[in-house]
Amino acid sequence: MGKNILFFGPNGSGKGTQGAIVQKKYDIPHIESGAIFREHIGGGTELGLKAKEYIERGDLVPDEITIPMMVSRLQKDDCKKGWILDGFPRSKVQAITLAETLAKEGMALDYVIEIVLDRDIAKERIMGRRLCVNDNNHPNHIAFEAIKPVEKDGKLVCRVCGGDLKTRPDDQDVNAINKRHGIYYDEETGTMAAVNYFKNANGPKVISIDGSASIGEVTELIMKEL
């Protein structure tokens, strides 16, 4: 039986890495909002071009752009046996819309996993991460041995496929990072409002995990709860 899992955590908490691990174990799609944004932006779609303006400023992409992207992805056939949502919802309004959409589609949200991490540690992690140009589900980080890029022909390449690596411009911008974290930790209109919504909702099992532990330790804690 598939599992419908929602990951929460500030940028740099490792939720994307953990999502990829859970994806592999349960063979369900890892729906990462940032990757979907990048696909739309790279494809030059109307929604993608609109989202790009907000992302480059470190602002939250408005609901009228984000929600159509995410809902359309959830409705694809590969989500029927389970899915992982990472990076969505980011506000209470989005959380309510997601819950309503799931109910309409006859889908349940089984688990909500919240990875908790100090803001300063999260910032350091963000600035050290690298993106594989071939697959966003290939996590690489210059400071973590478990997912450290490998050196080839004098440069660092993806540890999984050997592809080129890149950094996101907003990952190297301290002001943009602070702005994103400010949005996440805002309990009135930010992502924490969505977290609290699910904590108070009937249905999903909410699991809080200490994100300061090693990648392997965090994975072990998550797997014990699923």
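Including glycine, each Cβ sits where the backbone N, Cα and C put it.
Annotated ATP binding site per Swiss-Prot: G12, S13, G14, K15, G16, T17, R129, A213, in sequence order. Cβ environment of A213 (ATP binding site): L221 lie under 8 Å away, each six or more residues apart in the same chain.
Taken residue by residue, the region 'NMP' (32-61) breaks down under DSSP into 22 helix, 1 strand, 7 coil. Sequence annotations record features per position, and here Swiss-Prot assigns region 'NMP' to 32-61 based on sequence analysis.
Summarising the environment of D59 (AMP binding site), the number of other Cβ atoms within 10 Å of its Cβ, over all protein chains shown, is 13. The feature AMP binding site is assigned by Swiss-Prot to S33, R38, D59, L60, V61, G87, F88, P89, R90, Q94, R168, R180.
What Swiss-Prot records for 128-171 is region 'LID', and it gives sequence analysis as the kind of evidence. Confidence for the region 'LID' (128-171), expressed as mean pLDDT, is 91.
Residue counts for the region 'LID' (128-171) by DSSP state, with H, G and I taken as helix and E and B as strand, are 7 helix, 14 strand, 23 coil. Cβ neighbour count for R129 (ATP binding site): 22 (other Cβ atoms within 10 Å of its Cβ, all protein chains included). Remark: of the binding-site residues G12, G16, the most isolated position is G16 (fewest other Cβ atoms within 10 Å of its Cβ).
Distance from the CA of G16 (ATP binding site) to the CA of S33 (AMP binding site) is 10 Å.
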